Every structure is written in C-alpha cells, then in structure tokens.
Amino acid sequence: MSNKDYKKLYLVTDYRIPFNELLEKTKEALIGGVSIVQYRAKNKETKEMCKEARALKKLCDEFGALFLVNDRIDVALAVKAHGVHIGQDDMDVSIAREIMPKDAIIGVTVHNKEEALKAIKDGADNLGVGALFSTNSKDDATLMTLETLREIKSVSNIPLYGIGGITPYNLNKDILENLDGVAVISALLNSDNIREKSKEFLNILSK
C-alpha cells in the first residue's frame with residue numbers, strides 16, 4: 001500500500017472549546033497523525049475567525065497537513081487555506097470553484113446519491129458522507145444507511161470521508177470499505193489523550 005492509499009484521519013474543530021485550548025488539542029492531533037484539519041466556527045465575528053484560522057493554518061503548515069475552512073470562502077481566501085468545505089445549504093460548488101484558486105480543495109457534505117452526483121459534476125474534490133452515527137455536534141443530522149453509503153460510493157470517483165459520531169469502536173469493515181477516511185470532532189477533541197486516540201484511529205484505518 002502506497003502512502004496515497006492510506007485512509008486519512010480528518011479533524012473538524014469544535015467552536016465550543018476556548019481557542020487557545022483548541023490550538024493545543026489540534027497540535028496533539030497533528031502529532032498523532034491527523035492529515036487534514038477543517039476549521040468550523042459558528043456565530044463568530046469575521047475578524048476573530050480570520051485570526052483563529054490563520055493560527056491553525058500556520059500549525060497545519062508546520063506538520064504538512066491540509067487546512068480547510070468550513071462554509072466561509074472569504075475566510076479561506078484571507079488566510080490562504082488549502083480549501084473549503086461547504087454544505088447543501090451553502091454556496092453552490094460551481095460558484096465556489098469560480099471564486100477559489102484553481103488548486104484549492106473543495107469538499108462538500110452529501111446525504112444521498114443525487115447530491116453526490118451534483119457535487120461531483122460541479123467540481124467537488126471530496127465528499128463528506130453522513131451522518132453515519134448519532135452526533136452531538138449537529139442537532140439536525142440525519143443518519144445515513146449503509147445502503148446509501150454504498151450507492152454514493154458506486155457513483156463517486158473522488159475521496160469519501162465519513163462524518164458524524166465516529167469513534168474507533170463503531171467503525172466496521174462494511175463502513176470502512178466504502179470510505180477514504182473519517183472526519184472526527186468529539187472522539188478526538190474530548191479524549192484525555194488526543195495523540196494516542198489519533199494513533200488508535202489510524203491503526204483501524206490502516207487495516
């Protein structure tokens with residue numbers, strides 16, 4: 001298996017954690033092997049978001065990790081993020097593709113095959129698929145069935161990242177064979193040992 005074939009561990013930040021603490025937690029996750037960080041912040045002023053995103057981008061650069069911004073293309077551009085992640089209620093992928101640099105990564109959350117096909121057609125680089133399990137990070141998350149995940153996998157030629165309530169203990173072979181990695185919030189950031197928890201995830205992802 002080459003490096004590019006390894007399933008990736010993707011950290012999504014939690015805006016409920018004080019930022020200085022979040023920065024330290026993110027560093028531990030990067031040391032543990034996280035290779036993608038998505039900055040997600042709700043109800044914050046743009047100036048504060050840019051300051052936080054810039055600090056996280058610098059940290060990701062130190063570890064050679066990709067840094068993405070959730071929803072806010074303006075913030076992503078301001079801090080020279082590697083890309084953005086957008087949801088179904090955000091800007092169309094085709095418009096985001098026009099605004100972002102040509103080499104920018106655009107990830108899109110999808111919930112079914114139809115949304116996946118549209119995102120791919122419009123120029124998405126990867127898809128977040130879920131929620132695979134119940135999650136405290138998003139109140140309105142609808143659970144995705146294994147059948148739907150397989151349908152999305154069957155029509156996708158870009159990486160799929162599982163999202164929603166994922167832990168090292170609920171990932172099974174049926175789920176993993178349809179994913180290129182997993183995106184995690186609570187299972188990492190609420191861990192007593194983030195570095196070791198990251199390694200635990202990667203050990204499961206490498207099997």
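Heads up, the Cβ atoms here are built off N, Cα and C, so glycines get one too.
Look at Swiss-Prot and you will find Gln38, Tyr39, Arg40, Ala41, Lys42, Asn70, Thr109, Lys138 tagged as 4-amino-2-methyl-5-(diphosphooxymethyl)pyrimidine binding site, backed by sequence analysis. The Mg(2+) binding site annotation in Swiss-Prot covers Asp71, Asp90.
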Point to revise | Other CB atoms within 10 A, centred on Thr109 (4-amino-2-methyl-5-(diphosphooxymethyl)pyrimidine binding site) | key: 24
Point to revise | Neighbour tally for Ala41 (4-amino-2-methyl-5-(diphosphooxymethyl)pyrimidine binding site), based on other Cβ positions within 10 Å of its Cβ | key: 21
Review point. How many neighbouring Cβ atoms, not counting its own, are there within 10 Å of the Cβ of Gln38 (4-amino-2-methyl-5-(diphosphooxymethyl)pyrimidine binding site)?
Key: 23
